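Per TrEMBL, these features apply:
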- Val13, Gly14, Ile15, Ala16, Ser43, Arg44, Arg45, Tyr97: NADP(+) binding site (BINDING)
- Cys281, Cys292: Zn(2+) binding site (BINDING)
- 7-124: domain 'Gfo/Idh/MocA-like oxidoreductase N-terminal' (DOMAIN)
- 132-244: domain 'Biliverdin reductase catalytic' (DOMAIN)
Amino acid sequence: QINKMFGTVVVGVGIAGLARIRDLMNPMPSSPSEHLKLFGFVSRRSFGNINEAKQISLEDALRSKEIHAAFISTENRSHEETIRMFLEAGKHVLVEYPMALSAKAARELWEMAEQKDKVLHVEHIELLTEEYKQLKKEVAGKDLVKGTLHFTGSVLDENKTGFPAFSGIARLTWLIDLFGDLTVTSATREKQKDKNYSRMTVHFQTANKKPLTWIEERGPGMRREKKINFCFTSGCLENFPQAPRSAVGLFMQDQNLFAKKLLGQVSKEELAAEKWRILRCLDLAEVIQQHCEQPEKICS
């Protein structure tokens with residue numbers, strides 16, 4: 001494994017795809033990423049070259065014996081189909097979250113990866129931020145009484161990004177990672193079409209029956225930010241702990257993790273815990289969507 005090189009292709013060149021191309025072309029010295037070699041990128045738009053990276057067709061990417069892994073950075077709606085194609089072609093896959101817009105599709109893809117003995121890695125850079133690492137330290141060992149995580153951001157095109165429980169799954173991932181398994185007790189969604197405004201409110205219970213609320217709010221001109229209010233028996237946490245800036249970019253950290261998996265350097269326990277978390281969050285996202293899309297119960 002020491003000298004093994006994995007040819008890679010980046011599929012989709014939005015913000016994430018461009019970051020992927022940059023990081024693949026400039027791996028961190030002496031990091032697992034040095035085992036990844038960028039062969040080119042695939043896009044529906046015509047670019048020719050980006051930096052030194054050359055554009056190749058999807059067919060060539062799937063067929064090429066020199067490409068062992070695909071980095072999928074397309075819009076959410078097409079993740080499922082693209083993952084399937086690359087797994088069927090016998091390639092390892094790194095995909096931006098959410099890996100699919102239904103829990104069933106995600107499980108099928110995961111089974112397929114396991115049958116083909118391929119790595120299926122879902123990017124979760126929200127867990128790699130210094131802000132989050134500090135928050136996790138702060139929360140560790142404390143007894144939750146109740147909590148709220150409130151996210152605001154600009155408007156998304158749901159035809160491309162999917163239902164907010166899926167496009168916002170990074171917030172759900174935080175809550176599960178901080179507080180363990182959750183159960184959805186209720187979920188509603190308010191939409192003002194004329195104002196292009198949407199607010200999803202989800203109520204959970206922890207395993208200890210403590211209430212947690214997740215609010216995902218989006219509208220024109222809304223600043224991208226997260227507000228927390230976590231109350232513990234020892235007091236409330238209303239601001240993020242101060243965190244230094246990381247020396248290593250988030251996509252690079254994620255790329256190193258993917259390369260470690262390809263090199264067989266991640267323990268079975270870690271892989272199993274991650275698989276559970278990812279699929280559990282997608283299950284919950286689906287439950288939330290079902291709650292929100294139920295016809296209003298009419299109270300007589």
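From the backbone N, Cα and C atoms, a Cβ is placed for every residue, glycine too.
Everything TrEMBL records as a feature, shown here on the structure.
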residue	record	Cβ within 10 Å
Val13	NADP(+) binding site	22
Gly14	NADP(+) binding site	13
Ile15	NADP(+) binding site	9
Ala16	NADP(+) binding site	18
Ser43	NADP(+) binding site	18
Arg44	NADP(+) binding site	10
Arg45	NADP(+) binding site	7
Tyr97	NADP(+) binding site	22
Cys281	Zn(2+) binding site	29
Cys292	Zn(2+) binding site	19
Field: Pairwise Cα distance maximum in Å, NADP(+)-binding residues per record: Val13, Gly14, Ile15, Ala16, Ser43, Arg44, Arg45, Tyr97
entry: 22
Query: Per-residue pLDDT averaged over the domain 'Biliverdin reductase catalytic' (132-244) comes to what?
result: 97
Query: So how many of the residues in the domain 'Biliverdin reductase catalytic' (132-244) end up helix, strand or coil by DSSP?
result: 30 helix, 50 strand, 33 coil
